[in-house]
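For reference, the structure discussed in these notes is given below.
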Amino acid sequence: MLQRKTTMSTPIQKVVIVGAGTMGSGIAMVAAATGHYATLVDVSQEVLDKSRSGIEKNAARIARKLFKGDPDSASGFVAEALGRISYSTDLEQCVASTDLVIEAIVENMQIKQDLFRRLDNIAPEHVIFASNTSSLSIVEMGSVTKREDRFAGFHFFNPVPVMKLIEVIKTDKTSEDTHTRLMAFGRALGKTCITCKDTPGFIVNRLLFTLTSEALKMLEREDAEVRDIDTAMKLGLGHPIGPFELMDMVGLDVTLNIMKEREARYPNDPAAKPSPTLVKMVAENKLGVKSGQGFYSYK
């Protein structure tokens, strides 16, 4: 197979996002809105159809804000952005002509490794692989591929169109070329990019873990109620939302998975043990905003 040559100066223009959930859909929309070509891939056509509907609504909402009082420009923006997004269940066909693959599937190391192992066999050599994981080891994930120098973390925050930050995770094996191109791509998306080593939780979730863990312990000890803890953080420390509101937004299942990952890495640390409150709520499918019920009701 003839491979396309890339250099440090070659910008990323085409991106495939694997996983059409909330994060994958948000990444695709932001990419398209900033002039990039995005392909959203999922094993489920039903999920893709739902994603398409959500992206169309969000694109219209963004356009109304960007072009207040100018419906013609808003309509043009939406049409152009949506025209740069495609949807597919055929992974092999999609990765054949892309610059970058971003993985945004379930937070499970084995499942992610299985995906990257398959991608490594079907994607052209020049294609960069990145994971949107919020806490799993990037070097462990990339170890199943033959392109560890073209493998990095590229962590967006929810909701992707609103949150301005991307954590770019550079492992000891990530090449400077790969890191530079990902940083440039993130900036082209209109985001602020920061770099972190492959450390548990990276920067944001490493710090957030301490806050949410202590908030959960306060709740479990009945020191204070959910709403009062959230109010204290907002009015006492100036946080835009409280820890329980944030966990509901992120997803209690995602938060629990982060805790489980930390426990797996530090099995002898009592502080790394997952919250029994979260374990119970996730078992009851109380996942936060996405399920309609978490620490607060969204029904």
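In case you wondered, yes, glycine gets a Cβ from its N, Cα and C as well.
Now, the feature entries from TrEMBL:
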DOMAIN    14-199  domain '3-hydroxyacyl-CoA dehydrogenase NAD binding'
BINDING   GLY19, ALA20, GLY21, THR22, MET23, GLY24, ASP42, GLU107, LYS112, SER134, ASN158, LYS290  NAD(+) binding site
SITE      HIS155  site 'Important for catalytic activity'
DOMAIN    201-298  domain '3-hydroxyacyl-CoA dehydrogenase C-terminal'
Inter-residue C-alpha distance, LYS112 (NAD(+) binding site) and HIS155 (site 'Important for catalytic activity') (nearest angstrom): 15
Count of other CB atoms lying within 10 Å of the CB belonging to GLY21 (NAD(+) binding site): 17
Cα-Cα distance linking HIS155 (site 'Important for catalytic activity') and GLY19 (NAD(+) binding site), given in Å to the nearest integer: 14
Integer Å distance between the CA atoms belonging to HIS155 (site 'Important for catalytic activity') and ASP42 (NAD(+) binding site): 19
Cβ neighbour count within 10 Å of LYS112 (NAD(+) binding site): 22
